[in-house]
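Each remark here refers to the structure printed beneath this line.
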């Protein structure tokens, strides 16, 4: 250990000074100072009693006491200075610390101070020597604390110096601090990448490791020690390498190192390093380690998408594999000197797979991929263990994605044209959704290849089946009974074929659909909107408008409708309207012989009924079903003729009734006049007969009134008025001509 002191204490004259009598020298008055007399022969000092002696008195003392020295002690004076010490040891290096002093004389201890410092040397020199002895002695006795627990050392040093100063009459105010105490604590730093050759235990060769270490201050070390250690950071690289080499040589074999490089070895190494740093009192610790080695094999190799090609019995296919190898014996692998493990594994996998699968068809391989994959893994593991590895995992990718077994397709546009039994052209689509239960089926075994399109293969078989089914189907059924007959028959036939030929799950969804065609478009257009057709009766005497709609094609007349080859919907609607018009007009001419006998209402009734009867004619001639929506009368001149004729008949009948009533009245009068008992019964009969005739007359009068109002013609009103006047005059006249009453009633 070496201790060096820098700087010296300042002159203590302000505190203690030796006084000499100088003739003629003027001095100021002495205030609050003490004169101490020191007898150098006796080594004793005493304080003069007079606190404020004059200079003249002092001069007298100096002359009368030539063997005595006099010291002036100023208890108010202070002296400040700083001492610096450098302490170095081979173990810890160099430590620098400072001691800042402020000293003063202790009141009433002046004699103790003089007896200590009043020697042949000056007080300043003596105090300097004493301080050196005290400080260096304490450093020597507490060297470990100086470096490792500086704060504790500083506290001890401070208390010791205060105690020693007080013993000689001096008061010490001091502060002990490291020279670098004001500097911040250094932060973490990383070493360079270090190449470290190591020799594992019981191994005759070297391995090269690469390390990068992050160092940080040890949180358990004092700041002083951390700062001292930081000054030695350039030595850390060599220390880390030395300790790493010793650790591997003593504790790890080659296989252990390979198997645990990044786990147990790494953690153990860092613990070992930090133990060494602590023993060396460097104040630093290793907190992070990045460890590499081109020679140390990873514990696991994973080869993804390792593809090989194998010639199967019927096709050459690629096999995509994922292989995971775990290291079992690194030394065995190194001795085999395999430079490219991936290439080696691929070649072995190729050989094993080819030998095992050369007699297998593609469909068999697809159906049993897991079984063959396990066998290949077992054989590959056997050869891998010969080089120090084992096959932990081998997955051969599915040759056919299972999602492809779930199919969903429909017929393309060019696959939708078919013909029915009478060669009518129809269009049909089929939507099919299901899944193949298994590819282990004769059809797939013979046809399946990596490029197989399942939907395409199925449609090759299904389209001819659909064609056969429709050739046995009538067009009428196709268009009118598709939902309940044609569709279900197609569905059943397709389902049976899919299950038997392609091993499809019977729950497959099959939806036949009629596709749009010219004839379907025509029907859709016919079924939209209402149509009107005029009906002309009796050469324009009566005109009507019939409104109708086309509702459907007659299921029994589909061929009739289809074979008409209409160009558009308007042509069909015109043909239907013409049928309604001709049929209605013909029926009117056929059934109405005397137009004068028809009322407006009756005429409207006949036109409506005959128009409705047209439905069957349209079915028979055009193959369509229609609905008569409305019949509207536009004009009717026939009604006027009917009103005139009818009114004349009514007036004539009224006249007959009136005449019969008159005759009955005369009979009653004659029976009453005869006053015969037998005639009383006859009178009753005659009165009852009159009552009946009167009721009939009222009914006819009402009919005549209503008819005249409905006719709307003035001629009818005048005719009715004239007839009524004549009838009234006739009723009032007396008519004596005998008449048979019974005959009159019957005639009427």
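All positions are counted from 1 along the displayed chain.
Heads up, the Cβ atoms here are built off N, Cα and C, so glycines get one too.
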Listed range which TrEMBL flags as region 'Disordered', given the options 705-726, 727-748: 727-748
Segment assigned the feature coiled coil in TrEMBL (from 590-646, 647-703): 647-703
Mean predicted confidence [pLDDT] for the coiled coil (647-703): 72
